[in-house]
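Copied over from TrEMBL, here are the features:
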type	residues	note
DOMAIN	A:114-191	domain 'Beta-ketoacyl-[acyl-carrier-protein] synthase III N-terminal'
DOMAIN	A:244-333	domain 'Beta-ketoacyl-[acyl-carrier-protein] synthase III C-terminal'
C-alpha cells in the first residue's frame with residue numbers, strides 16, 4: 001500500500017537526444033582485434049552512439065529536455081522543478097541539474113534544480129520523488145532529464161564491460177493532476193555487492209596527486225557481469241512479487257514492460273521470467289546498447305511514441321543498477 | 001502554502017564524524033608561504049579537519065550515520081531508507097548511498113538507498129524528499145548522511161578557495177509522526193552562475209585520455225568568491241521573504257538560524273541581514289571551516305546538542321551552494 005497512488009498525474013511529453021556519431025559493432029570488432037561480427041554475435045548489439053567533441057552530458061541532456069518540453073507544448077519556464085537523474089555527471093561541481101537548467105535557457109529563473117542518483121535506476125527514483133512532491137502540493141509541472149556518456153570511461157580490454165554501452169539522453173515532462181497513477185514504486189539496495197559494477201576514479205578517494213597511475217587505472221568502468229547477473233537474478237522473483245503486490249495489479253494485467261536496457265542477456269532473462277514477457281517487453285538494446293540512466297526513460301519515450309501508454313493501460317518499469325539495486329514501478333496510464 | 005506541513009515528524013537523532021587530523025590555520029600559513037596568523041586573520045578560520053590514509057567518504061559518513069542511529073536508539077536495520085546527501089562522491093559508480101549502506105552493516109538488507117545532490121544544499125533537498133516520502137506513507141524511518149572531503153581537490157595557489165574548507169560528516173535520523181513540522185522548504189537555482197564555483201574533472205566531460213594536463217588542471221576546485229557572494233547576496237532578501245511567507249512564521253519567531261557554513265564573510269552577511277542574527281545564528285566555521293554538504297547537518301547536530309531544537313521552538317535552515325542555488329527551510333520542532 002502506498003498513499004502516493006492517490007495522486008493522478010499526466011505524462012505530458014517526452015523526448016530523447018542521441019550523439020551524432022553512430023558506432024556499428026563492426027567498428028568495435030576492429031578496435032578490439034576480433035573478426036567482423038564477433039561483438040554482435042556475442043552481445044546482440046548492432047549499434048550504439050558515442051558523444052564526440054562538443055557533445056557533453058549537459059548539451060545532450062538539454063536537447064532531450066527541450067524535445068520533451070516541445071512534446072508537452074510547454075516552455076521551459078513553465079516548470080516548477082528540474083530533476084537531473086543521471087549515472088555519472090558531466091563534472092562534480094555543480095551537478096548536471098544546474099548545467100541543464102542553464103542550457104534550457106532558464107538559468108536566471110530560480111526554478112529549483114537538483115540531482116538524484118541511483119546509477120541506472122536514477123530515473124525511477126527521480127520520478128518517484130517528483131510524484132511525491134506533486135502529492136504534497138509542492139510542484140505542479142516537472143521535467144526529469146537523464147543523460148549518460150558511458151563512452152567516457154570504457155576499457156576495451158574488457159569487451160563485456162565496454163562493447164555494450166552507448167551514450168544518450170532522455171527526458172520526461174510530468175504534470176500534477178491527470179488520469180495516470182503510479183500504483184507502486186520500490187527500490188531495493190544491496191550494498192554488499194557494491195564492487196561488482198564500479199567506476200572508482202572521479203571522486204574523493206582516488207586522487208591523481210597521490211598516485212596518478214592508480215588513478216588512471218581506476219578511471220575505467222569495471223563490471224563483473226556474471227556475478228552481477230547472479231546477484232540480481234536470485235533476488236528478482238521476490239522483488240517483482242512484492243512490487244506487484246504493492247500495486248494491487250496482477251502480472252497479466254501489465255500491458256507493457258519498460259525495462260532498463262542492461263544487456264541482451266538481462267533482457268532475455270526478464271522476458272523469460274514473466275509470462276508473455278517476449279511480447280510485452282520494450283527492447284531497444286540492439287540499436288542503442290546500455291545507456292545507463294538514460295535507458296529507462298528512452299524506452300519509456302519509445303513506449304509513448306508507439307501508443308503503449310494509452311489511458312487505462314498498465315506499464316511495469318523495472319531494472320537493476322550498480323549498488324547493487326533492484327528497482328521497479330507499476331503505472332496505470 | 002505547502003501541504004507537507006500536515007506531516008509531523010520526530011528528529012530522533014543526529015551524529016557527526018571528523019577525520020583524526022586537525023589542521024591549524026598556521027599549518028596553512030606555512031604551506032602557502034605566509035606569516036603565521038595570515039589565514040586566520042583573513043578568513044576567520046582557526047582549524048579544520050582533513051581525511052588521511054584510510055579515511056574515506058564512506059567510512060566517515062558511516063561513522064556519522066552510526067552515531068545518529070545510536071542517538072536515536074535505532075539499529076541500522078530499523079530504517080526504511082538511506083539518503084546520501086553529499087557534494088562530491090567517493091567515486092562515480094556506485095554512489096555514496098550504496099557504499100554507506102554496506103558500511104552501516106545493512107548491505108544485504110535491501111533497504112532503499114540513493115543519492116541526492118545539490119552541492120552544499122544536498123542535506124536540505126534530502127530532508128525535503130524524506131519528509132515528502134513520509135507524508136505519502138512511503139517511509140517511516142529514514143537516515144540522511146552527508147559527507148564531503150573537500151581536501152581531495154584544493155588548490156593552495158588560491159587561498160580563498162582552499163584555506164576555508166574542511167572535511168567532515170554528519171547524519172540525521174528522522175521518524176514519521178511526531179511533534180515537528182517542516183513549515184516551508186525552498187530551493188532556487190540560477191544555473192547562469194554555474195561557472196562561479198566549480199570542480200570540472202571527475203565526470204564525463206574532462207577525460208584524462210584526451211588531455212591529461214588539462215584534466216589535472218581542472219581537477220582542482222575553483223571559486224570566484226566575490227562574484228559568488230554578489231550573486232547570492234542580491235537574491236537573498238527576496239528568497240528569505242518568500243520562504244518565511246510560505247512558512248507563515250515571521251522572522252522574529254525564528255529562535256535559531258542553522259546555516260550552511262560557507263565562509264566567515266557569508267555568515268556575517270547573514271547575521272547582519274536578519275534582526276538579532278548575531279545572537280541566533282549557529283556558527284561553527286572557525287573550528288571546522290566549510291564542510292560542503294556536511295556543514296548544515298553538522299550545525300543542526302550542534303543545535304540539537306545545545307538544546308536548540310526544543311519542542312515548539314523554530315529553526316531556519318538556510319544557505320547557498322554551487323549551481324548557484326539558494327535554499328532554506330523553516331521547521332517548528
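Note that Cβ sites are derived from N, Cα and C of the backbone, with glycine treated the same way.
For the domain 'Beta-ketoacyl-[acyl-carrier-protein] synthase III C-terminal' (A:244-333), the mean pLDDT of the prediction comes to 97. Taking H, G and I as helix, E and B as strand and the rest as coil, DSSP gives the domain 'Beta-ketoacyl-[acyl-carrier-protein] synthase III N-terminal' (A:114-191) the counts 25 helix, 32 strand, 21 coil. Counting residue by residue with DSSP, the domain 'Beta-ketoacyl-[acyl-carrier-protein] synthase III C-terminal' (A:244-333) contains 39 helix, 22 strand, 29 coil.
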